[in-house]
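Quick look at what TrEMBL lists:
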TRANSMEM  40-61  transmembrane segment
TRANSMEM  67-86  transmembrane segment
TRANSMEM  93-113  transmembrane segment
TRANSMEM  133-153  transmembrane segment
TRANSMEM  160-185  transmembrane segment
TRANSMEM  197-217  transmembrane segment
TRANSMEM  229-250  transmembrane segment
Amino acid sequence: MVSSAFIGSSFIIKKKGLRKASVKGPRAGSGGYGYLLEPLWWIGMITMIIGEIANFVAYMYAPAVLVTPLGALSIIVSAVLAHFMLKEKLQKMGMLGCLLCIVGSTVIVLHAPEERSISSVEEIWAFATQPAFLLYTASAVATALVLSLYCAPRYGQTNIIVYIGICSVIGSLTVMSIKAIGIAIKLTLEGTNQAKYLQTWIFAMIAITCVIIQLNYLNMALDTFNTAIVSPIYYALFTSFTILASAIMFKDYYGQSAGSIASELCGFITVLSGTAVLHSTRDPDTPLITDLYTPLSPTVSWPIQGNGELWKQKDEDGSTPSFITNVRQDYFK
């Protein structure tokens with residue numbers, strides 16, 4: 001609950017910081033990093049870190065498939081604050097999408113499996129290196145690379161799923177690494193030192209790398225799209241991939257009844273349905289204008305003709321360039 005409140009607030013604070021930074025230089029959505037010099041963005045960052053610390057503590061004592069869906073509260077916090085602080089409003093169907101996400105998450109929480117007892121980081125490493133999870137990791141990295149290298153330059157400014165997709169698939173790996181670190185700290189505090197294992201530091205390096213990637217693309221998403229849409233879609237996709245990763249790595253569903261698994265699947269489908277509703281009903285986002293000479297109203301172009309032939313004019317160097325006249329027509333007058 002505490003984590004969701006801080007994380008939901010951080011979305012809004014960072015958004016305001018990104019807006020202020022965009023006035024002074026290139027926007028984050030265009031690849032700029034001027035927000036790093038904006039104090040308001042850092043306040044939002046600190047707020048998010050506090051929320052993630054609360055999440056970190058929760059991951060030490062509960063399975064990821066239980067902790068992650070509880071982040072639904074951050075959607076409500078973000079939507080309410082966006083309404084009052086950013087003047088961003090959801091359509092009625094968008095509100096229904098938020099509700100579907102929350103209902104689906106509640107169903108998942110009610111039927112979540114119990115936490116497994118783990119005695120060392122080496123045991124977690126054995127889970128992480130099993131073929132099924134290695135295949136998931138390779139797929140997640142490949143998906144993130146395709147989205148970042150191919151899709152982001154072409155569709156990142158118009159399709160919200162590109163940036164959020166990168167954050168979500170990488171975020172699932174972040175959660176697995178953070179959970180491993182959390183368990184290591186818990187075991188160390190109980191008297192079994194886990195810092196002596198190389199695997200602990202490998203998990204730490206993976207977590208740091210994934211967090212940096214997440215933050216970069218989350219900033220791009222917040223700078224480009226409506227916060228009231230970014231927050232629910234990010235939550236839904238991030239939760240879905242995290243549940244999948246946890247189920248593969250820790251085998252959370254072993255020993256559960258068919259009824260519980262079916263209920264969780266229904267909750268998962270409900271979350272995805274809410275995501276689809278939110279994405280299909282969002283207001284169109286104003287595209288970023290990167291060319292100062294791009295016309296702001298419709299234009300019609302044609303060659304000026306005289307006596308049935310294109311009109312040409314000799315240049316001083318003897319070349320014969322064709323002249324095209326752009327006639328701007330304002331259809332709204």
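Cβ atoms are placed via backbone N, Cα and C, with glycine included.
Values in this document were obtained by computation on a predicted structure and should not be read as measured data.
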Task: Among the ranges 40-61, 133-153, 160-185, 197-217, the one whose Cβ pairs under 8 Å to the transmembrane segment (229-250) are most numerous - done: 160-185
Task: Long-range neighbours of the transmembrane segment (133-153), counting only residues six or more past its ends (CB under 8 A) - done: 127, 159, 162-163, 165-166, 169-170, 172-173, 213, 217, 241, 244-245, 248-249
